[in-house]
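What TrEMBL says about this protein:
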BINDING   A:C79, A:C82, A:H83  heme c 1 binding site
BINDING   A:C224, A:C227, A:H228  heme c 2 binding site
DOMAIN    A:211-336  domain 'Cytochrome c'
SIGNAL    A:1-24  signal peptide
Amino acid sequence: MKNKTFWMVMGGFCLFLYACTKEAQIKETVSNFLGFQKPANFPSPVYKLENNMVTEAGFRLGRSLFYEPRLSRNNTISCGSCHIQSSAFTQHGHDVSHGIDDRLGTRNSPPIMNLAWNKAFMWGGGIYDLDLQPIAPITTHEEMDENLDNVMTKLRLVEKYPTMFKAAFGTEEINTTRFLKALSQFMVMCISANSKYDKVMRNEGGLSFTADEQAGYALFRTKCSSCHQEPLFTDGTFRNNGLAPSPIKDQGLYTATLQEKDRYKFKVPSLRNLSYTAPYMHDGRFLTLNGVFDHYNAELQQTVNLDPLLQQNGKLGISLTADDRTKLTAFLKTLEDADFVTRKDLAEQ
Amino acid sequence: MKTLKNIFCLSSISLLLLSISSCAKKSDVTPEYQEDNLAPFSVEFDNIVGEKTLSFNNATSPYTNAVGEKFTVSLVQYFISNIKVSKADGTTYTVKQDSSYFLIKGADRATRFAKVKVPEGDYTKLTFTLGVDSLRSTMDISKRTGVLDPAGGMEDGMYWGWNSGYIFFKMEGSSSVISDDVNGDPTGKKQFKYHIGGFGGYSAPTINNVKNITVDLTTAGIARVRKDRQSNVHLFVDLIKVFNGKNSFSIAAHPNVMFSDYSVNIATNLTELFKHDHTEN
């Protein structure tokens, strides 16, 4: 299966290269664009790539749209405004996202990272297909406050877009499907899999964990990995981790499902790139990792639907000594992917 | 005399026979049912409010619901999909799914017909979905063209971006009974908003407000679908039933119902909206 996907990607790539060289005869250099490549230590992606094969032209268009402020009502906010590459595509320093007309959202901007493996989107769910995800921020009052009809109209008037849509999809037509598929092509390419952890797991360059990192890894596996499953460091589920309800009483997944069992459940976030993505939790209430440790160690609240894993043997939370914290932090640091936050191909061009 | 009487009798009989035969000719012979022998057929969604026609923002002549609240309507639109027709013998034809999604907009008279093609035949039953079925609601974006394109705006849009899914039925208007606080309309415009949707959820189960509607055509006129004419089932869509249906409610008590448990009550009322008035064959 792994091999099949690989050859499909390679096959598509070769075809693309062939078509490209044939058509653009004066092209000086052969592109080094490799398309979507699954990291060796990752499972098969959830996103249906077969319905939207990533091509270089599609990726470039998606990237251009990701950084396009015309997606917002007054052309001021782009996806990249709240998903900043140097912060692992989050909005560093903001507990909740800061959108159009200085309006504030209600939740912390999540990273655009390894989304091809996401089963659900948003802290509180509601969206289960990456292709449909951009509609939410574009139409939300506090984010871009625009509608897709207007976005299409505006894009048609920008000189570069008809050409870019033609390169990506064969004709100059700009429509909702193509727009969303191109954005997905860019987003699925935002893969973070080059941290020290990944290299150790893939036995690359003779790297190994230090003693503290190794001890932290062992602690992580006993205390954290049930929810923050390797290698994505999330199991993609929604859980109530015992946060006191926020002043706005955000009920998380419940709002999207209206099921009692979903009250106060939020998506388990990945632990990758933690150093770049502070603050933490759905409303960004914890500024530091130590704040998060404090929460799990002693501040959990017994709210409805509190996850059973956080109330074992009659005790709330996960005990974390000072030594545990040092070692865990050492291990979590190995999940930093400096390449991901600096790669030129993911940056605004 | 007797002969004359006979002649009269005979001629009346033949006249009667003639008239019968001409009648039969007019209503023609039911064609043999063949799935690929398609002919035009339409369903007309004619919005009314109780005993009155629908007119928008008509403050001088407001409508009144069962609990005596006066209201006006500023917007009404809904999805109709998955049209099926059945013959008396039970044979049922389902319109090709890709051609079976319609957005009826009260303010745009041109959208009041759901025009499809069904095999020539006499149909005694019509069924359709009010809303967008769960299968289509979870399909790839490339299968959501035309009225299903989520591109509509917030004002007249029929799609929830934050909770992927279509709004099946949207009705807005105003009523003086609505309070100016957070339980009513804090903008002071006295507006009510009913946005009813929910297809059951992608992978996390939730409310399902998809409603299948069955209309018996035998009383007000069966649909005789033939290639040389346009058979049209004319339905009255009585919007007063939104308030006065089985789960009757007060606008003051529920001025805004969108994605919530209460929407299930209103969705049940929506099944009472459709009344077959007549069929044009």
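The backbone N, Cα and C atoms fix where each Cβ goes, and this holds for glycine too.
Whatever TrEMBL says is automated annotation, not expert-curated.
On a predicted model such as this, the values are computed, not experimentally measured, just so you know.
Taking the mean position of the Cβ atoms of A:C79, A:C82, A:H83 as the heme c 1 site, the remaining same-chain residues with a Cβ inside 8 Å of that point are A:F66, A:S78, A:G80, A:S81, A:I84, A:F89, A:Q91, A:S109, A:I112, A:P137. DSSP classifies A:C82 (heme c 1 binding site) as helix under the three-state reduction. The binding-site residues examined here are A:C79, A:C82, A:C227; by Cβ neighbour count within 10 Å, the least packed of them is A:C227.
Taking Cα separation as the measure, A:H83 (heme c 1 binding site) is nearest to A:H228 of the binding-site residues A:C224, A:C227, A:H228. In sequence order, A:L271, A:I318, A:L328 constitute the residues six or more apart from A:C224 (heme c 2 binding site) in its chain with CB-CB distances below 8 Å. Sorting the binding-site residues A:H83, A:H228 by the number of other Cβ atoms within 10 Å puts A:H83 first. Same-chain neighbours of the heme c 2 site beyond A:C224, A:C227, A:H228, judged by a C-beta within 8 angstroms of the site's C-beta center, are, in sequence order, A:F220, A:K223, A:S225, A:S226, A:Q229, A:F233, A:T234, A:D235, A:V268, A:L271.
Cα spacing between A:C79 (heme c 1 binding site) and A:C227 (heme c 2 binding site): 28 Å, rounded to the nearest whole number. Classification of A:C227 (heme c 2 binding site) by DSSP places it in coil, neither helical nor stranded. Across the domain 'Cytochrome c' (A:211-336), the DSSP tally of helix, strand and coil residues reads 51 helix, 10 strand, 65 coil.
Between the CA atoms of A:H228 (heme c 2 binding site) and A:C82 (heme c 1 binding site) there is a gap of 24 Å. A mean pLDDT of 95 is what the model gives for the domain 'Cytochrome c' (A:211-336). With respect to their backbone Cα atoms, A:C82 (heme c 1 binding site) and A:C227 (heme c 2 binding site) stand 26 Å from each other.
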